[in-house]
Amino acid sequence: MLLRILLFLGALAKVTEPAPRCETGQETLAKCVDITLGTCNDVPYTKTMYPNLLDQKARQAVEYSSEYVLMSVIHNLLQGECNPDLRLLGCSILAPQCEKDKIIKPCRHICENLKKSCLPAFDAIDMAWPYFLDCDRFFAGEEEGCFDPLAKLRGELEVAEEDPLAGLPTTFIQFTHHSYSQMVSILKRTASKCSHIARTYSIGRSFEGKDLLVIEFSTKPGHHELLKPEFKYIGNMHGNEVVGKELLIYLAQYLCSEYLLGNPRIQMLINHTRIHLLPSLNPDGYELAAEEGAGYNSWINGRQTAQNLDLNRNFPDLTSEVYARARIRGARTDHVPIPQSYWWGKVAPETKAVMKWMRDIPFVLSASLHGGELVVTYPYDYSRHPLEEKMFSPTPDEKMFKLLAKAYADAHPVISDKSEIRCGGSFGKRGGIINGAEWYSFPGGMADFNYLHTNCFEITVEVGCEKFPLEEELYSIWHENRESLLNFIEMVHRGIKGIVSDKLGNPIKNARISVRGIRHDVTTADDGDYWRLLLPGTYIISAHAVGYSKVIKKVTLPVKMKRAGRVDFVLRPSEIWPNTFLRRPMEAMRDQYDPLEHFDPHAQHAQPGQRDERGDLSRNRDRPWWWSYFSSLDQHKPLWLLKRN
């Protein structure tokens, strides 16, 4: 019996023994082939193999994959950050190097170094690190034999890396025109170089999806500090007026470098001010203007947005509302709510983003940089009489606005020049400044909106005769404007500042600070702090809030005083509210449904009629803005890029 069992097992072994493998099927297909993927056509090798490291068995499978789509659009998603490095790293997985019919994996240390430097860029757009760039899973150690997918880039940068000045704090600035991606790259590199005092953030997106990128300088980037005033510069509101954009790119580099070099003036400025620079409010328009190139002084092409809107005519016309209220006793002429009728018109996403930005941050002082003239203008920009195109139309803060305008103009050697021979305007005898409506009147301007809807005082600076000058002119333009740019920021510290609180020390939000004789109040921020720009002189200042008694103080600001005086108020509850307090709180003064409160400035702005896979026009509100880049994928959408997954 035992013998029969042994014979049976022997026969079974012969039947189940693997037959010799022939050189056909998958083994035959696993050969090195030419790289034909468009996104990976510049990798430092010419051969790859399928299946690749993700087991995608053919070129077509790769091209229709979400991984490949991501590598195709990663430059746009990260606004030029980490590219082409990141794309080449992804291609080393999707189209790995092949030698002698064998795949060579990319090196793990290359992946780890790139992930360390690029992960913040993914965090900034709320995107998870791609699974196929898992350094442990898909990459190899040097001892296993690997290749460097970024070797070609290192070869191109070899000379630059040998530069003995590399990495040292320096005031070197490259005075050139910058494309959108170049601007983003420089701002992010500058923020990285001065990471303890700087950061970049986006206030929203343009109609075509470009981030409206801001670089901020402060001792606590990303946070409002008690009693530290907030300042902003905005450039390139009109896309063909590019000088302001370049000046703010240069200014960002200058502030970073000079702070690191120990420049006491710059350190004092950043230590005591929170500075926000938005170089390009209209990046879509800039791209159109850049197609014509520098030196072509176009007054039309690129001025408007991709929606054909002039941003400096697109804000709510609150000036007309104030003119209508002027004769009404007790009517408020500050913090004017946005009329519901405004939203019936066409409002640019860039406009909405700026308005939401103004609500989120308690800005004190601002300037918008334009081009085409050499002059500084100040509100109001809209005439008291609609039919008068050139009519002096002052605000209640006319004297303060003139001082602010002169602070920029007087420090500018050309604007302050008494000569009448310049761009065409005659501003020399005026000291290079003029009331906006007296120059030419228009409604819907950003400067008037700042003053009438928020606490912020904004002027407009025309920084040059040419809107898009040649590159060789940029160096002299920077030196003409540098002192003015710094001098104007320092003006944010004029007047008074303080904290309004109750008797227990709790801050009072939205308390009003009034100055007798000036019919324009400012309000306290969330922490109860406030700033009120004032000229030297003696003032009667009062603080009042709903439910509290008014407190009045007399304040004298000396002529030589260059820093804001500290004036705090402690308010006590009022048993009987005066009639003046029976008005609704400021939040309630806004419309019951305020579109601005519900506006997502980072949303991708869909084209008319665009629908999602379910046919719903309002789909994907729970998805990040970049999700629409993958709309072409009917299946296998990259859920692995969503952080919550």
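These residue numbers are counts, starting from 1, taken along the chain as shown.
Placement of Cβ uses the backbone N, Cα and C atoms for every residue, glycine included.
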Taking Cys135 as one end of a disulfide recorded in TrEMBL, give the other end from among Cys111, Cys118, Cys146.
Cys111
Could you tell me the mean pLDDT the prediction assigns to the domain 'FZ' (27-149)?
87
I need the CA-to-CA distance for Cys111 (disulfide bond) versus Glu462 (active site, proton donor/acceptor), whole Å please.
47
Entry from the disulfide-bonded residues list Cys111, Cys135 having the most other CB atoms no farther than 10 A:
Cys111
Determine, to the nearest whole angstrom, how far the Cα atom of Cys135 (disulfide bond) is from the Cα atom of Glu462 (active site, proton donor/acceptor).
51
Distant-in-sequence Cβ neighbours of Glu462 (active site, proton donor/acceptor), under 8 Å, six or more positions away:
His370, Gly371, Gly372, Glu373, Leu374, Val375, Val376, Thr377
